[in-house]
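Read through the structure below, which is laid out as structure tokens, and then see the notes.
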Amino acid sequence: WFDFKGHVKAMKRSAKEVGCIMDKWLQEHKQRRLDDVKQTDGDLMDVLLSVLEDKNLFGREADTVNKATCMNMIVGATDTNSVTLTWALSLLLNNRHVLNKAQEEIDIHVGKDKLVEESDIEKLVYLQAIIKETLRLYPTAPGPRESTEDCTVSGYHVPKGTLLVFNNWKIFRDPRIWSSPDEFQPDRFLTKHADVDIRGNHFEYSPFGIGRRSCPATSFALLVVHLTLARLLQGFHFATPLDAPVEMNGSVGLTNVKTTPLPVLITPRLPSHLY
């Protein structure tokens with residue numbers, strides 16, 4: 001293969017850089033254990049070091065498994081969460097009344113004299129509805145499945161071992177379930193669909209998949225997305241150049257990435273000492 005655009009070279013360079021970072025991180029954790037430094041809150045790598053120790057798993061050294069597992073968590077959270085946050089801000093910029101309402105909610109429950117914390121998120125119900133509605137309109141990525149036995153679905157024979165991909169876009173915009181399905185209406189998750197859970201307990205809305213094979217990082221992703229969006233909305237006023245509407249086309253790929261970059265102008269809305 002000819003790497004005319006330099007993608008392979010760039011990936012190899014990035015992999016080497018990331019590998020160095022993970023090595024350094026791992027050695028720091030190991031050194032703390034050797035020094036018997038007591039920690040009140042350990043992280044994922046601390047847990048893996050305790051569980052794996054020096055065992056070999058599937059022919060891989062414990063250090064390799066540890067670094068790969070941590071890297072998968074980081075990459076998975078970075079890519080998909082950035083996609084969701086981009087769509088959320090795009091929708092808010094095209095619906096300023098929703099943006100203003102979200103900022104008012106944060107001001108009421110958190111104020112402007114401190115930053116939003118994880119413990120504040122449960123009080124920000126409208127913000128949670130915004131994330132739900134964003135994932136309904138722009139689901140991040142499909143969750144593939146494999147059929148475990150032969151079956152027939154709507155007259156179609158599906159043999160055992162078939163790879164199945166749910167059409168979340170179609171399901172989440174089904175007019176038989178969702179009124180005005182193409183409109184951005186976070187309030188629907190506070191009224192008619194208030195009982196619809198985001199963790200896959202309802203077939204009509206399962207952005208993270210359903211069952212035991214659903215996304216293993218659902219809780220982590222929701223925490224990151226809610227806290228990041230809350231701090232952005234609390235900390236800044238948002239506008240677009242010339243107050244132009246944001247283009248909302250998605251691209252084809254593993255994740256539902258916005259086709260064009262999001263141009264945004266931000267100005268502080270909190271006291272300077274909080275930045």
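Sequential numbering from 1, following the chain as shown.
Cβ coordinates are placed from backbone N, Cα and C, and glycine is handled just like the others.
All annotation found in TrEMBL is predicted automatically rather than curated by experts.
Applying an 8 A CB threshold to same-chain residues 6+ apart, the list for Cys215 (heme binding site) reads Gly143, Phe208, Gly209, Ala221. Cys215 (heme binding site) falls within neither a helix nor a strand when secondary structure is assigned with DSSP, and so counts as coil. What TrEMBL records for Cys215 is heme binding site.
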